[in-house]
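A.B. asks: Below you'll find the structure I mean.
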Amino acid sequence: MEVVQQIVDSMNGITSYFLVFSLVAVGLYLTFRSNFVQIRMFPEMFRAVTEKKTKKGEVSAFQAFCISAASRVGAANISGVAIAITTGGPGAIFWMWVIATIGMATGFVESMLAQVYKERRDGQFRGGPAYYIEKALGKRWLGIVFALLIAVTFGFIFNSLQANTIAVAMDEAFGLNRLTVGIVIALAVGVIIFGGIRSISVFSGIVVPIMAVAYVGVVFFVVISNYQQIPQVFALIIGSAFGFKEATVGIFAGLLVGAQRGLFSNEAGMGSVPNAAATADVSHPVKQGLVQSLGVFFDTIIICSATAFVILLTNVYQTAGEGVDGVALTQASLSELIGGWAVPFIAIAIFFFSFTSLVGNYYYGETNLAFIKEGTIWLQVYRLLVVAMVVFGSLAAIELVWSLADVFMAFTTVVNLMAILLIGGISFAVISDYQSQRQQGKNPVFKSKNIPGLKNASTWDD
């Protein structure tokens with residue numbers, strides 16, 4: 001297993017540099033070309049997320065938001081933030097904020113494109129990077145490559161990580177056997193994923209808001225109760241990001257870790273969230289772009305920051321013994337602030353955060369399998385493999401699982417960002433169409449014929 005870890009670490013050392021460069025470069029380009037859409041249209045995001053669906057039985061904007069949040073809000077928000085701090089220092093949190101702010105523009109564009117090129121299959125909308133790569137660029141082979149990457153990355157690798165996080169948390173809190181936990185989780189996931197997309201959207205729409213409010217509520221209470229130390233925490237984060245002690249190498253290490261953990265958390269640019277964005281029934285693609293851009297803000301700026309503040313309010317991250325990282329570090333930090341009940345509380349929060357991520361991740365894989373080949377047999381095999389990987393993940397070493405996740409998400413991100421750049425002209429034309437209708441006092445309604453050069457967007461032909 002050590003040999004496998006070394007090979008994966010070597011690959012990660014190469015792909016991580018391409019990942020950071022691509023995220024920053026493309027994110028900045030889209031930010032400037034869209035006239036800072038993530039800031040300029042921030043208030044509009046809240047109106048878009050509450051908009052009702054146009055037809056009964058479809059997935060609403062809010063439900064699509066919850067499906068993506070089910071995948072976004074998971075291990076990275078509790079375990080990933082802790083790992084970012086222990087490996088990249090407190091300054092890694094600053095770089096998570098920067099990448100998230102830039103990534104809001106990337107998330108906006110990729111989700112908007114998913115809406116533009118979505119199609120109806122089996123009575124429901126499907127879409128995502130694989131679909132817009134084929135329809136806008138005319139390269140089905142590349143769409144298939146991307147679809148396979150997403151199916152493997154989310155259905156197998158990321159779900160192994162989520163299962164690992166749950167198993168470790170339950171072991172720390174209750175002393176439960178990790179194999180037993182893995183089997184129970186696998187059975188529960190199987191029940192839901194065999195129920196289909198509408199089952200997933202209903203489940204996510206109920207659980208995601210509840211678990212997010214509960215976790216953020218407790219953590220915010222802790223932070224507010226220690227409000228005197230908030231300026232010191234901010235100073236620690238900023239100082240660690242740019243401080244003299246860190247020097248250039250240290251700053252880049254923080255940037256690297258912050259970018260990786262931030263991307264795993266908010267998924268902006270990875271090409272995963274557009275699969276959920278495409279399911280929404282909205283009158284204009286920009287609306288779902290705004291909704292998913294808000295999701296990046298919600299995930300990283302709100303939830304990840306809350307976890308970071310809890311950890312940095314204590315010195316546990318500096319004094320903890322070897323092996324106390326990830327979810328164990330978050331549990332130890334919160335315990336120091338509010339007492340021993342924090343350990344089981346974090347374990348329960350981790351369960352709901354990561355369990356909904358397991359379900360959301362599976363849906364991304366299902367959507368991309370449908371792009372490659374329709375067929376019940378293939379889907380059933382995929383579902384069984386997903387369930388098996390949940391059990392594997394609950395037993396695997398945490399270092400190997402996180403390293404595999406970093407490598408695979410770099411592959412999907414770079415392919416998706418290349419596609420976004422090549423379809424940029426259509427993206428900005430769609431934004432202009434939305435803004436023009438808004439300025440006329442209308443509720444924007446999208447028609448493909450109004451966008452010069454737009455082809456293969458048959459859903460919007462009427």
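The first residue you see is number 1, and the count goes up from there.
Glycine is no exception: its Cβ is also placed from the backbone N, Cα and C atoms.
Sharing the record's features from TrEMBL:
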{"type": "TRANSMEM", "residues": "14-32", "note": "transmembrane segment"}
{"type": "TRANSMEM", "residues": "62-86", "note": "transmembrane segment"}
{"type": "TRANSMEM", "residues": "92-117", "note": "transmembrane segment"}
{"type": "TRANSMEM", "residues": "141-161", "note": "transmembrane segment"}
{"type": "TRANSMEM", "residues": "173-194", "note": "transmembrane segment"}
{"type": "TRANSMEM", "residues": "206-227", "note": "transmembrane segment"}
{"type": "TRANSMEM", "residues": "233-257", "note": "transmembrane segment"}
{"type": "TRANSMEM", "residues": "296-317", "note": "transmembrane segment"}
{"type": "TRANSMEM", "residues": "337-360", "note": "transmembrane segment"}
{"type": "TRANSMEM", "residues": "381-402", "note": "transmembrane segment"}
{"type": "TRANSMEM", "residues": "408-431", "note": "transmembrane segment"}
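Help me understand the surroundings of these features in the structure.
C.D. replies: Away from its own ends, the transmembrane segment (92-117) comes close to residues 23-24, 26-28, 30-31, 34, 36-38, 81, 84-85, 127-129, 131-132, 135-136, 237-238, 240-241, 254-255, 257-259, 261-263, 265-269, 271, 273-275, 277-278, 280, 282, 285-286, 288-293, 295-297, 299-301, 304-305, 308, 312, 416-417, 420, 423-424, 426-427, 430-431, 446, 448, 454, 456-457, 460 of its chain (Cβ-Cβ under 8 Å, at least six residues beyond either end).
Nonlocal intrachain contacts for the transmembrane segment (173-194), taken as residues 6+ away from its ends with a CB within less than 8 angstroms of a stretch CB, comprise 163, 166-167, 200, 203, 331, 343-344, 346-347, 355, 358-359, 362-363, 366, 383, 386-388, 390-395.
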A.B. asks: If we call contact 3 or more Cβ pairs under 8 Å (sequence gap 6 or more), are the transmembrane segment (141-161) and the transmembrane segment (381-402) touching?
C.D. replies: yes
A.B. asks: Restricting to the same chain and to residues at least six past its boundaries, which positions have a Cβ under 8 Å from a Cβ of the transmembrane segment (14-32)?
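C.D. replies: Cβ under 8 Å, 6 or more out: 38, 99, 102-103, 105-106, 108-109, 255-256, 259-260, 263, 268-269, 406-407, 409-411, 413-414, 417, 420-421, 424, 427.
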